[in-house]
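Take a look at the structure set out below.
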Amino acid sequence: MKKTELLNSEISEVVARLGHKDLLVIADSGLPIPDNVKRIDIALTKGIPSFRDTLNTVLTELGVEKAYVAREMIDKNKKLYLELSEQFGDKLVIIDHEQLKEMCKNAKAVIRTGEYTPYANIVLESGVEF
């Protein structure tokens with residue numbers, strides 16, 4: 001059995017296959033996911049699993065160079081925005097929500113959580129750990 005926190009085999013496989021600059025999205029329950037992008041749907045019900053729990057677990061295995069969130073999060077989900085700002089520092093990049101949705105088209109996968117708060121989406125750009 002794995003010793004790390006991330007137990008979901010689909011997510012773990014995607015993370016293991018990411019190369020430098022590849023994109024992985026962690027999404028709330030409402031973000032549209034392009035048909036051509038791998039969907040890993042772990043949503044059970046409203047709020048379960050949460051965006052934060054999912055993100056923090058994925059980050060136990062993923063090195064991140066940049067993290068992109070929608071500008072709309074600043075006003076519509078300020079608490080989450082402040083938490084992510086503290087967590088990612090200057091790696092956090094603010095873009096428009098429409099740009100974020102466009103980036104999803106190039107993602108290796110989108111992880112759909114049960115998160116039920118507005119604009120709780122992040123595009124993670126894989127970094128290099130050496």
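Including glycine, each Cβ sits where the backbone N, Cα and C put it.
Database features (Swiss-Prot):
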- HIS20: active site, proton donor (ACT_SITE)
- ASP28, HIS97, TYR119, ALA120, ASN121: substrate binding site (BINDING)
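Sequence-distant neighbours of HIS20 (active site, proton donor) (same chain, 6+ apart, CB under 8 A from its CB) are GLU65, SER126, GLY127, VAL128.
Among the residues the record lists as binding substrate, namely ASP28, HIS97, TYR119, ALA120, ASN121, the two farthest apart have Cα atoms separated by 13 Å. Within 8 Å of the centroid of the Cβ atoms of ASP28, HIS97, TYR119, ALA120, ASN121, where the record puts substrate, the same chain has further Cβ atoms from ALA27, GLY30, LEU31, VAL69, ALA70, GLU72, MET73, ASN77, LEU100, GLU115, THR117, PRO118, ILE122.
The Cβ of TYR119 (substrate binding site) lies under 8 Å from the Cβ of ASP28, VAL69, ALA70, GLU72, MET73, LYS76, ASN77, LEU80, HIS97, each of these being in the same chain and 6 or more residues away along the sequence.
Ranking the binding-site residues ASP28, ALA120 by how many Cβ atoms sit within 10 Å of each one's Cβ puts ALA120 at the top. Local packing around the Cβ, expressed as the count of other Cβ atoms within 10 angstroms, is greatest for ASN121 among the binding-site residues HIS97, ASN121.
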